[in-house]
Amino acid sequence: MGLVRSVCLLVTFLSYVVISVHGQATRVGFYSTTCPTAETIVRNAVTAGFNSNPRIAPGILRMHFHDCFVLGCDGSILISGANTEQTARSNVNLRGFDVIENAKTQLEAACPGVVSCADILALAARDSVVLTRGISWQVPTGRRDGRVSLASNANNLPGAGDSVAVQQQKFSAVRLSTRELVVLVGGHTIGQAGCGAFRNRLYNSTTGPADTTIDPTLLAQLQTQCPQNGDASVRVDLDTGSGTTFDTSYYNNLSRGRGVLQSDQVLWSDPATRPIVQQLMSPRSTFNAEFARAMVRMSNIGVLTGANGEIRRVCSAIN
């Protein structure tokens with residue numbers, strides 16, 4: 001009951017509050033008069049994409065995360081072309097762009113020039129969590145789209161080999177706390193990674209794995225899935241045993257040495273983050289409510305509002 005009450009209070013709070021980060025603001029219901037069907041159109045587009053390929057859910061969630069950590073949540077990750085953010089090494093495996101573009105096409109037919117691509121992505125990330133049995137939340141909208149997308153700007157995204165200290169620095173740079181770091185990385189409960197992102201943990205030593213914190217059973221499984229000289233793009237669930245359901249098993253896996261990425265497993269081994277992981281994996285975990293709150297915070301990093309930016313006609317190109 002405590003979790004249900006927390007969620008209800010959170011939803012009620014977000015229904016009325018104006019969210020402000022970095023001095024800029026969005027609000028729940030921004031399109032209530034200018035495009036009242038906006039959220040329904042986005043939800044239907046995401047649902048259709050999910051029904052065709054459930055793996056687009058973690059793809060869209062990750063895409064939103066990568067968008068917000070580079071120049072703010074301005075939809076710049078959606079712009080295609082040479083040397084754009086999409087071409088950066090950390091973004092080449094993102095998926096779900098077609099879902100966002102499909103939603104944009106429908107929105108342009110219903111409400112031309114009204115709904116930004118940045119808002120579509122924020123809404124789609126929420127809907128992706130819901131479709132994988134996670135929490136829903138009220139998404140503040142009113143973002144406008146950025147006009148700059150450069151691969152070089154994506155060089156400082158959180159990486160698979162980052163220590164806790166490095167992750168803390170990167171999250172702090174966008175005014176997110178260590179607790180929000182651990183909560184948001186919990187989105188890996190529905191994520192995947194290519195073998196190339198963690199294979200160095202499996203084979204880098206003549207006497208055993210480079211990272212001896214790996215659970216032996218998981219090690220054998222990962223070595224089968226990711227042979228030493230195999231295809232680096234083969235993808236593996238980050239939440240072993242529950243990779244398609246939004247739940248707290250990701251944190252339980254960390255406590256058992258079953259974190260796939262180095263950057264995930266160190267959340268358990270580092271004293272700055274281990275107590276947070278322990279709280280989030282407990283039977284009385286508030287993970288869902290905290291994730292919703294942290295997503296609202298993250299989705300308002302450096303947003304463009306008012307006369308700043310533009311409303312793109314298509315999400316893959318500036319006007």
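From the backbone N, Cα and C atoms, a Cβ is placed for every residue, glycine too.
Looking up Cys315 in TrEMBL gives a disulphide bond whose other cysteine, out of Cys73, Cys111, Cys117, is Cys117.
Within the set Cys111, Cys195, the cysteine that TrEMBL bonds to Cys226 via a disulfide is Cys195. Each residue contributes its Cα atom, and for Arg62 (site 'Transition state stabilizer') and Glu85 (Ca(2+) 1 binding site) these two points are 14 Å apart. When the recorded positions His66, Asp67, Gly72, Glu85, His188 are screened for a Cα within 10 A of the Cα of Cys117 (disulfide bond), none qualifies. Using Asp67 (Ca(2+) 1 binding site) as the reference Cα, a 10 A cut-off selects none from the recorded positions His188, Cys195, Cys226, Cys315.
Ranked by Cα separation from Cys35 (disulfide bond), the recorded positions His66, Val70, Asp74 are led by Asp74. Taking each Cβ in turn and tallying the other Cβ atoms within 10 Å, the top scorer among the binding-site residues Asp67, Glu85 is Asp67.
On its own chain, Cys68 (disulfide bond) has Val174, Met298, Ser299, Ile301, Gly302 as residues at least 6 apart in sequence with a Cβ closer than 8 Å to its own Cβ. Proximity note: of the listed recorded positions (His66, His188, Cys195, Cys226), His66 have a CA within 10 Å of the CA of Glu85 (Ca(2+) 1 binding site), given in sequence order.
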